[in-house]
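A.B. asks: From Swiss-Prot, here are the annotated features:
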type     : residues       : note
DOMAIN   : 184-377        : domain 'Cytochrome b561'
BINDING  : HIS220, HIS285 : heme b 1 binding site
TRANSMEM : 222-242        : transmembrane segment
TRANSMEM : 252-272        : transmembrane segment
BINDING  : HIS253, HIS321 : heme b 2 binding site
TRANSMEM : 287-307        : transmembrane segment
TRANSMEM : 320-340        : transmembrane segment
TRANSMEM : 351-371        : transmembrane segment
Amino acid sequence: MKTLVGFYILCFLIGQDLPFLAADDVNVINDSTQNLCFANRLSDFLPPPYSNISDNMPCTPLWNTFVLRYSENRDNVMTIIVSALYTTGWVGIGFSKEGRMVGSSAMIGWISKKGHAKIKQYYLQGTERDQVVPDQGELQLQKVPPVVALHGAMIYLAFQVKFAVRVPRRAVILAFSTAYPSKLGRLTKHDDKTTVIVDFSKASGATSIKTTTSTEKTKHGVMAILGWGFLLPVGAILARYLRHKDPLWYYLHIGFQFTGFIFGLAAVILGIQLYNRIQPDIPAHRGIGIFLLVLSTLQVLAFFARPQKETKMRRYWNWYHHWIGRISLFFGAVNIVLGIRMADNGGDGWKIGYGFVLSVTLLAFVVLEIFRIRGTIGSPSSRSPPSFETHPSSSTSV
């Protein structure tokens with residue numbers, strides 16, 4: 001019991017319409033590409049001033065995994081953040097009056113083999129390699145330094161540029177290469193490229209997608225809290241402190257545990273669907289979720305493989321069942337806290353809600369344990385039951 005109280009105290013402390021696009025060879029944009037807009041919060045890793053405005057920028061999936069975020073002020077200064085999946089080489093975005101690569105100016109970014117972030121402006125005088133001139137171009141970059149950042153599997157290029165006139169629709173060139181530029185900054189030939197026409201006058205393109213994703217996150221969180229934060233802990237409490245009500249405690253325990261398992265399974269399924277849509281960089285939350293699915297499945301299978309009370313194996317089964325249950329509840333609580341902290345729409349509501357559930361559960365454990373030690377509850381004889389005592393036809397956890 002002391003171990004469980006410590007686990008929950010630890011968890012409590014931890015808790016403290018798309019713009020118009022046209023292209024000559026743009027691939028079909030699926031839901032997974034669209035939801036790259038919401039995979040990461042740019043304010044978490046981009047420096048100011050990009051971090052101050054990036055979360056409110058219109059977000060447009062353009063081509064393959066290229067995603068464009070932008071904002072423009074009254075002085076025609078545009079803040080642009082372009083991102084794409086990255087392994088090696090370089091990625092770039094260029095601007096051209098006619099949409100042609102020759103004569104365009106481009107911002108190219110990459111992470112060197114030594115892990116250094118590089119970003120340069122290039123002027124494309126022609127199609128030959130020596131005609132792609134580094135540190136030249138017609139883009140009027142502002143005093144704010146351009147930056148390039150690698151976060152998870154995505155690379156982000158951010159810069160500010162001033163255009164002479166406000167043009168709602170602009171030709172944007174996108175390209176990438178898996179080969180690094182030379183030490184002198186000379187670009188290698190691109191592996192693929194495309195040109196798109198972006199309507200920068202539209203600023204509400206991603207609302208419907210974000211709303212859908214936010215709803216799915218809410219469902220995922222509710223299922224996880226109901227399953228791992230409420231039903232399964234209550235089932236464990238019933239198994240430990242209601243055994244003087246035999247066999248009622250057993251049927252209640254089984255009912256709560258199986259219902260909690262169903263809710264937990266639903267949370268995992270919704271989580272997998274969310275991950276496939278938005279590809280977030282959450283290895284800890286995702287890994288613990290899969291780990292919990294394995295543990296909870298083992299608990300269900302253990303129920304059907306429960307040996308008779310008189311057999312020698314029953315003691316070892318009890319140990320297994322109890323400790324797997326305790327470990328599952330601990331990691332379930334930790335993963336709920338991680339999910340709330342990483343949710344971009346979490347707010348105080350989730351923290352207060354789960355904080356209340358966690359506090360009530362912890363208080364119930366403490367009060368009931370005091371009664372159990374005094375012999376008021378916990379066994380038919382009103383005495384503290386021996387360690388791992390089980391009903392002949394039952395299974396317990398925690």
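In case you wondered, yes, glycine gets a Cβ from its N, Cα and C as well.
How buried are these features, and what lies next to them?
C.D. replies: Secondary structure from DSSP puts HIS285 (heme b 1 binding site) in a helix. All protein chains considered, the CB of HIS285 (heme b 1 binding site) has 20 other CB atoms within 10 Å.
Using a 10 Å Cβ-Cβ cutoff, HIS253 (heme b 2 binding site) registers 25 neighbours.
Sequence-distant neighbours of the transmembrane segment (287-307) (same chain, 6+ residues past either end, Cβ-Cβ under 8 Å): 228, 254, 257-258, 261, 264-265, 267-268, 271, 313-314, 317, 320-321, 324-325, 327-328, 331-332, 334-335, 338, 395, 397.
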A.B. asks: Between HIS321 (heme b 2 binding site) and HIS285 (heme b 1 binding site), how many Å separate their Cα atoms?
C.D. replies: 24
A.B. asks: I'm trying to understand the geometry here, so how far is the Cα atom of HIS220 (heme b 1 binding site) from the Cα atom of HIS253 (heme b 2 binding site), in Å to the nearest whole number?
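C.D. replies: The Cα atom of HIS220 (heme b 1 binding site) is 24 Å away from the Cα atom of HIS253 (heme b 2 binding site).
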A.B. asks: If you draw a 10 Å sphere on the Cβ of HIS220 (heme b 1 binding site), how many other Cβ atoms land inside?
C.D. replies: 22
A.B. asks: Take the C-alpha atoms of HIS285 (heme b 1 binding site) and HIS253 (heme b 2 binding site) and report the distance between them in angstrom, rounded.
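C.D. replies: About 28 Å separates the two Cα atoms.
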